[in-house]
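Only one structure is covered here, and it is reproduced in the block below.
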């Protein structure tokens, strides 16, 4: 019989993408060796485009040399999925969890990430749903409100989900989001008639949806934005 599940949540505020990537690599290594419990990073990034391991550069619609002019960076990753955008006013969760200990397969894991964003949307009267075949992420009609891109190594997850609270949607016009043409990107602000609380509250709600759907009995929050300095490898 499976024992109680513990989740440690790191609320990190704004983190540079490469710093977050190095931190994830360190935590994945620690999780494989059972040095840490399941861990969830909750954060936001400065404007950043990321490509998955398929390297679909053609879905970046402006020359790489122009990215600096719009205040954005481009990074290549080993996650699944296509090109996506991360930026301010977007809630990001990076779970570093053991699927084996949880008894979850990759498909079930992704479905639970989708359900996390669907449940959050429903709190604000927004009816979201998982995408059709070949349409990853979470959608409101034909408009995408949340993206998913994951990596699983030896049963340990990294990368995760990005939910649009109220990002600058103009940034999405410079890419083919997740490689899907002729579809819009939207946000919670655009879809709801409800007055939104602070983004910190919404990110807290997203964490709660995640913890409940994944069945964690104990959730411990670690509020320390300087946590990156704890690891010399990523200084």
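Here the Cβ of each residue, glycine as well, is placed from N, Cα and C on the backbone.
Taken from TrEMBL, the feature domain 'BPL/LPL catalytic' covers 34-218. Within the model, the domain 'BPL/LPL catalytic' (34-218) carries an average pLDDT of 91.
Per TrEMBL, substrate binding site is recorded for 79, 80, 81, 82, 83, 84, 85, 86, 147, 148, 149, 160, 161, 162.
Annotation source TrEMBL lists site 'Lowers pKa of active site Cys' at 144.
The active site, acyl-thioester intermediate annotation in TrEMBL covers 178.
Within 10 Å of the C-beta of residue 85 (substrate binding site) we count 25 further C-beta atoms, all protein chains included. Just so you know, of the recorded positions 79, 144, the Cβ with the fewest other Cβ atoms around it within 10 Å is the one at 79.
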